[in-house]
């Protein structure tokens, strides 16, 4: 049966993404001075104000006000007429230390306390910072080994931001959203793009026709592949007819409100934990990254066309309480053998994940817009394919 599947993305100027970027900018500043910082920072942005709160244990000193203002201005909120700008907005901060009850379980995992863990350094003693389920996914339908709808949505959103910042289209403002609907055939392969939706904030003195003409030329045409387009492609631009008031002045933004945009666009389940503002002892972040790393290497090794992995943790324990895989019937060998190889080759303890992916670095602000997965940046170690040969050798 043919099916349609849709995913969305947002620009860096979307209020929720403004909040994510502020939280991760603060995290990076702390990790830069003290790589062992424990950070859980939440941000709220609304008309004329940014509020930062959370739990932090660190030896670093960072200027929260300065980081917040610089981040907002880098995004593009630099003019008071936008209703929100980095120079004039108020910044409130309420940050306190991490609960000692949580810290005792993170500092030394339950297995270490009971003598079951042979750790080579103190990092390997780390217990999970919370309970929860984390998912990783990969599919060979794109070169990034990501679902096509979310990759196209991210690329459209990034291109929209690029033409705004470059001045190519001078009437654009920072807030924006994209959405892509892809048609899949009976073999579950993408065959065409059915609908492209772009909503972008703009100056008041421009018409919908002018906006649509510019976005088709500078955003849609460069991003949507010709082989996936036909005469029935449905293009929607600012369907409400007007999008002048936007950003935090029109829609309050919160850290962690775009978890489906951050991951796989709804192609697989999500455990609910957000990423931004959290240091890597929080398995909400590090285990999601590691699960993507595992899934991508399995698919790249040719063991399956699609691969999902679920990993679940208990707070204070290092080893996961469960690991489950699903190849959706695309496995090239027995799934039990794939699972056995995954468990043999990949160490899912939080400390081991941090070491393997080198996560105690100030790399997180880059993740906070346009997707945590599918972008092969040097800092994104979870996108590396350095376990492919090991998987092939074992199987």
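Yeah, the Cβs are placed from backbone N, Cα and C, and that goes for glycine too.
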Given the ranges 65-75, 76-86, 87-97, 98-108, which one is assigned the annotation region 'Flexible loop' in Swiss-Prot?
98-108
ATP binding residues 14, 175, 176, 177, 242, 243, 251, 257, 258, 274, 278: largest Cα-Cα distance, in Å and rounded to whole number:
36
Return only the integer: C-alpha distance in Å from residue 278 (ATP binding site) to residue 42 (K(+) binding site).
9
At the level of the C-alpha atoms, what whole-angstrom distance separates residue 242 (ATP binding site) and residue 55 (L-methionine binding site)?
40
List the Cα distance (Å, whole number) between residue 16 (Mg(2+) binding site) and residue 42 (K(+) binding site).
11
Just give me the nearest neighbour of residue 42 (K(+) binding site) among the binding-site residues 14, 55, 176, 251, 282, Cα to Cα.
55
Those residues of the chain, 6+ apart, with a Cβ under 8 Å from that of residue 14 (ATP binding site):
175, 176, 177, 247, 253, 258
